[in-house]
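Visitor: Just passing along the structure, written as structure tokens.
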Amino acid sequence: MKVPRLLLALGGLASIHIASALPQGAVERDMHATSAVVHGGNVKTKFPSTTGLKFTIDGETGYFAGSNSYWIGFLTNNADVDLVFQHMKESGLKILRVWGFNDVNTKPATGTVWYQLHANGTSTINTGPDGLQRLDYVVHSAERHGIKLIINFVNNWNDYGGINSYLQAYGGASNEDFYNSEPMQKAYRAYIKEVVSRYIDSPAVFAWELANEPRCKGCDTSVLHSWIEKTSRYIKSLDKKHMVTTGEEGFGLDLMSDGSYPFTYVEGGNFTDTLSIPTIDFGTFHLYPSSWGTTNDWGNLWVEAHGAACKAAGKPRLFEEYGVTADHCALEKPWQTTALKTKGVSGDLYWQYGDTLSTGPSPDDGNTFYYGTDEFDCLVSDHVAAIDEMEKHGRH
């Protein structure tokens with residue numbers, strides 16, 4: 001999903017100074033504890049995995065519900081992070097997809113969270129308290145609350161830097177330049193290595209994700225395929241414990257195609273070919289009919305087609321993003337129902353999670369619905385209950 005950076009400022013999250021609701025000593029102990037858990041490495045843990053066409057989490061194999069929160073790693077109040085995970089746990093949500101990137105081309109003002117600076121052909125990773133230590137706390141809190149995280153490494157869109165931030169620093173005019181540039185890929189891989197090494201032993205990591213919605217408009221599909229194959233193989237060389245996926249929207253699919261834009265190869269993706277890459281553990285697809293010029297009812301075909309493709313490939317598929325700007329329950333509930341009935345689709349993460357933080361409501365990009373509302377009851381509480389009922393009777 002493409003989201004504006006301004007939303008963080010509107011949500012009161014981007015401009016406040018780094019501080020915690022806890023006493024400073026407690027913050028330091030929390031961060032040291034995170035380091036011990038994340039880097040410690042001696043305690044044997046069961047990592048999330050695939051089992052046939054399903055996912056296995058904490059020894060339980062089945063269908064899992066979750067959500068997205070691009071903003072949680074940019075929060076500066078530990079208590080807010082804990083609140084989100086506590087509410088997720090109480091609601092039965094198991095997976096949260098978070099932005100593992102926050103790229104800039106100029107160093108922000110003190111107190112603004114940023115993860116990596118690209119300038120003049122060089123990249124600097126921020127491991128300080130206004131950098132990756134914020135993501136450290138997200139992982140730490142997720143571990144304590146039993147929530148699993150999908151962490152991605154770069155954005156297709158310009159929000160929070162994205163591929164464009166690399167192009168601005170290293171030179172280039174298109175996504176294809178990024179995918180094929182040795183200097184840019186070297187910087188990108190250095191960032192991957194830093195993030196993976198921090199959390200390599202964490203049971204909270206569900207999967208590493210190459211990018212948010214990688215595209216290469218007008219490119220031959222071999223460009224994205226080669227980049228996905230090389231990058232996923234590199235991640236697996238660093239970490240054989242955790243799963244790896246792409247973050248793709250699911251574009252480029254002949255199976256059950258009606259010829260509409262999302263099924264075409266115009267954005268450079270070939271879903272079937274991506275699934276064939278051995279170092280990709282499961283597929284992802286997104287759904288935004290209003291952005292793609294399709295109808296809401298069409299979304300059911302999109303879900304079924306990707307389930308069929310994954311079934312044929314012998315890999316599960318995660319319905320990783322879906323959303324609308326109004327009538328959430330009426331429009332999104334049918335997609336959830338279709339996903340539950342479709343073999344090959346083994347989890348879904350709605351876009352996006354909302355909650356009331358110490359600064360007020362979390363950012364709303366128009367697709368957000370909030371904890372404790374009627375929409376939350378419909379699309380989370382009722383959905384989790386439907387999943388439990390389905391798993392109880394072994395119907396998926």
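Placement of Cβ uses the backbone N, Cα and C atoms for every residue, glycine included.
According to Swiss-Prot, the protein carries these features:
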- 1-21: signal peptide (SIGNAL)
- Trp99, Asn212, Tyr288, Trp351: substrate binding site (BINDING)
- Asn120: N-linked glycosylation site (CARBOHYD)
- Glu213: active site, proton donor (ACT_SITE)
- Asn270: N-linked glycosylation site (CARBOHYD)
- Glu321: active site, nucleophile (ACT_SITE)
Visitor: Cα distance, Asn120 (N-linked glycosylation site) to Asn212 (substrate binding site), nearest Å?
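Guide: A Cα-Cα distance of 25 Å.
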Visitor: Please name which of the recorded positions listed here, Asn120, Glu213, Asn270, is nearest in space to Tyr288 (substrate binding site), Cα against Cα.
Guide: Glu213
Visitor: Would you mind reading off the Cα separation of Glu321 (active site, nucleophile) from Trp351 (substrate binding site), to the nearest angstrom?
Guide: 5
Visitor: Report, as a single number, how many Cβ atoms besides its own are within 10 Å of the Cβ of Trp99 (substrate binding site).
Guide: 23
Visitor: Compared by Cα position, which of the recorded positions Asn120, Glu213, Asn270 is the closest one to Trp99 (substrate binding site)?
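Guide: For Trp99 (substrate binding site), the closest Cα among Asn120, Glu213, Asn270 is found at Glu213.
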Visitor: What kind of secondary structure is Asn270 (N-linked glycosylation site) part of, going by DSSP in three states?
Guide: coil
Visitor: With an 8 Å cut-off on Cβ-Cβ distance and a minimum sequence separation of at least 6, pull the same-chain contacts of Glu213 (active site, proton donor), or say none.
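Guide: The list for Glu213 (active site, proton donor) reads Met1, Lys2, Asn155, Asn156, Trp157, Gly247, Glu248, Glu249, His286, given in order along the sequence.
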Visitor: According to DSSP, which kind of secondary structure is Tyr288 (substrate binding site) found in, if we only use helix, strand and coil?
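Guide: Its secondary structure by DSSP: coil.
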Visitor: Kindly assign Trp351 (substrate binding site) to one of the three DSSP-derived states: helix, strand or coil.
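Guide: Trp351 (substrate binding site) sits in coil per DSSP, no helix or strand.
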Visitor: What count of other C-beta atoms do you get within 10 angstroms of the C-beta of Asn212 (substrate binding site), across all chains shown?
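Guide: For Asn212 (substrate binding site), the count of other Cβ atoms within 10 Å is 29.
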Visitor: Would you mind reading off the Cα separation of Asn120 (N-linked glycosylation site) from Asn270 (N-linked glycosylation site), to the nearest angstrom?
Guide: 34
Visitor: Could you give the Cα-Cα distance between Trp351 (substrate binding site) and Asn270 (N-linked glycosylation site), in whole Å?
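Guide: Here the two Cα atoms lie 23 Å apart.
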